[in-house]
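> As listed in TrEMBL for this protein:
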COMPBIAS  1-44  compositional bias 'Low complexity'
REGION    1-47  region 'Disordered'
TRANSMEM  53-78  transmembrane segment
TRANSMEM  98-124  transmembrane segment
TRANSMEM  131-152  transmembrane segment
TRANSMEM  214-231  transmembrane segment
TRANSMEM  260-278  transmembrane segment
TRANSMEM  359-382  transmembrane segment
TRANSMEM  418-437  transmembrane segment
TRANSMEM  449-465  transmembrane segment
TRANSMEM  471-490  transmembrane segment
TRANSMEM  522-541  transmembrane segment
TRANSMEM  704-725  transmembrane segment
TRANSMEM  737-760  transmembrane segment
Amino acid sequence: MAPQGPSGPQAVPGQAQQAAYQQAPPRQAQPAQAPGQAPGQAPAKPRATRGRVGALVASAPKWLPVLLVLEGLIMYVLALKVPPGPLRGVNPSDIDGLGLISALPTTAFIAILIMIVSFFITVTQSTDRKFLLLFQIAAITFALHGAGALVADEPRFPTAYIHAGFVEFIGRTGETAINIDARMGWPGFFALFAFVTKAAGITDLTPILQWTPLLSNLLYLLPFVLILRQVVATTRARWFAALLFVLVQWIGQDYFSPQGFTFALYLAFVAILLRWFGRVETRTKPVPPKGLRKLIGKLDAMTPGELANTGTFRADKLLMLMMLVALFVASVASHQITPFMMLGVVTAFLIFKRTTLTWALPFFLGLVVLAWISYMTVGFWASQIDTIFGGLGNILQNLRSNTGDRIEGTDPAHAMVLQARLGILAVILACAAVGIFRRFRRGVFDRSALILLCVPVLALGLQSYGGEIGLRIYMFALPGACLLAAYAFFPNLPADSADVREETVPLRKRNVRFNPELTKKISLVLAACFAVVFAFAFLVARYGNEKFERVTTGEVAALHYVYDHDEPSARVLYLVPKEGPEVTPTLPWGERDVEKVSFNLQALVHKDPAQIADAVQALKEASRNSYLMVSRGQVSYLQLNEGFPADWGERFRAALDKSPDLKRVYSNEDAALYTWKNFVRGTEIPEPNPYKGRGDPTSPWTPVGLGALAVTWVALFGYEIIRLNGPNRAPKARKRLLFLAIPAFAVALAVIIERFIYIAQNN
């Protein structure tokens, strides 16, 4: 062995010179000196440079998605916020029947495409980069759901302003008034924001209204991601489901509204059910030989699509049970539909054995809903009991009221918006059906996802909800639909090995007929293509009404003039193409002084702008201090949905200006206010209608019912708490509580029914 020195191996004497001779290159082979290179300076090392470039390219999967999403986000903001010009900026006057997408610059579409590509580059990697994926989905959410806030000077969607008015009224008076509006019977959302804004010293709700749609959708992602963590699926399936949830949520109920608020509560409710009270049991009994029991047995024997709830302390479960009840009560106090969706989900989970909770909970929650309607909203239903129960069971009628009127339209471009919405619905349901089929072929039965998809459909048997129940059903069915649709592309189960995070292993090997690697690549490409199509279709479906749903500064200023002159009361007449059924005004109405300013008067208009007689007559019949308002939003609505001429607004205002009976008291480019000029001298402005009323009516058995409610709730909740210890704990105590709860429940329910009958007959 050759001797070694302290610093490493040493050459044997006599070998060093030979090695040096062999390693020295010939003189003529030396490279020429580069221009500007100092004598004796070492030449460049191309191999080292190529090594650094190669390392940079090899590490591209780590830094490229981050660079792309940041580039796309900055590019998108600049494309929408800079002054209009070639390939940049948004000019609101360019918005046509297709909505906002008709005015977006090309760079905005490229930016969205870049962000989606960055998402799929990340999701193809073998590691689960949670924070980067969350940021990418949040960036896509910002681009899609924040577009309206970026391009508008005022908060969009007129109905948001009346909700701000309810908050202002409660904060100013400290009370609710169901006589002003039926929504005041469910004041939880308005009271919460009245308290928060007053405590924080916030007097202008405009920034809150402006950014609520974006913040709501970011908030929805948190519980939905928790739901996705409880399903048996690959990382790609989970994150693609989260992306789909953002891309197909075009309903537009995420604005400043009780529905948008309680939808977040609904998602949190479902997430808690699955995470802390989920139940997964493998069938051990043999499958029956025939009949329906055989089918049920086969379904039970399939692999569950949910993770089992393990390792949860009793104190955690007790806290989450209280949180579950609190979420439900908050939704009961805030919205009419959401509690029934929650109740339907927990009941279905019990029927299909997907929760460790007992039947005491749905009876407890159901009694909360009935008690609120019977005792807290009596001022609403006392004189219109048919409004509450008239739609029960009329499934076909409720369905027609939600589809027939919503696929009509006179503007060809706007008709494409309605078709895009139906197209998104059809495609997402078709993908969900394919996902169910592909999971079934792999022996997986996703009960929870099917429950989340199907339970909202039962709402068709409740009410038409002003022709909007179909939209609400779509909204509440989205969590289940998006999860099942993701399985259409990524249906396999996760690999057993913790080291292989993204490779998937199907249960039934005989069903694998193609190259798994090729199938995986094709699935990723198809998923990316569907995501891009959904993103652009979203812009059409969500912002297709932007021509009349966007609010301008001029329209807000016109109504501020009314609020400044509303003592002791005022009325605003809005334009309608036909009188009769109530039509929500396309005005930023009710922002403040909701008890003084009324928006329940209609002015009939015609396609011929010179025909102003009906509108003038309506203003004449109204009391003093009434205003006929002509606004850009109303005119755009009439043009898109009723076929009014393109120059109808200008010609109609010109005709009103020429009328000798009218006086224009305020005008700007987007709105004008007219009053009756010839009121008799001495005519007084009427006082506003009293909003307090004479008190809620009651019934003889009401005190008994209140006592029975308290006993029932205590007994049922106590039963559920004891049951948290296990199915066999304290059977005697649970039995006593049941003996107490059952008769009390019967009495409480009987009194609720008695109140409906007695008050409706005697009011």
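Heads up, the Cβ atoms here are built off N, Cα and C, so glycines get one too.
Computed from a predicted structure; not experimentally measured.
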> Give the one range among 98-124, 471-490, 704-725, 737-760 whose Cβ atoms make the most pairs under 8 Å with those of the transmembrane segment (522-541).
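Answer is 98-124, with the largest number of Cβ pairs below 8 Å.
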> Would the transmembrane segment (704-725) count as touching the transmembrane segment (359-382), if touching means at least three Cβ pairs under 8 Å and pairs must be 6 or more apart in sequence?
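Yes, these stretches are in contact.
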> Within the same chain, where does the transmembrane segment (131-152) have neighbours whose Cβ lies under 8 angstroms from its own Cβ atoms, ignoring anything closer than 6 residues to its ends? I mean 6 or more beyond.
65-66, 69, 72-73, 76-77, 80-81, 90, 92, 100, 103-104, 108, 111-112, 115-116, 118-119, 122-123, 210-211, 213-214, 217-218, 221, 225, 239, 242-243, 246-247, 249, 254, 535, 538-539, 542-543, 546, 550-551
> If we skip the immediate neighbours and take only residues 6+ beyond the ends of the transmembrane segment (260-278), which ones have a Cβ under 8 Å from one of its Cβ atoms?
189, 212-213, 216, 219-220, 223-224, 226-227, 229-230, 253-254, 306-309, 312, 316-317, 320-321, 323-324, 327-328, 330-331, 334-335, 338, 341-342, 345-346, 349, 354-357, 448, 452, 475-476, 479
> Given a Cβ distance threshold of under 8 angstroms, which distant residues of the chain, six or more beyond its ends, lie next to the transmembrane segment (98-124)?
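Non-local partners: 61, 64-66, 68-69, 71-73, 75-76, 78-80, 87-92, 132-133, 136-137, 139-140, 143-144, 147-148, 151, 235-236, 239-240, 243, 413-414, 416-417, 502, 524, 527-528, 531-532, 535-536, 539-540, 543-547.
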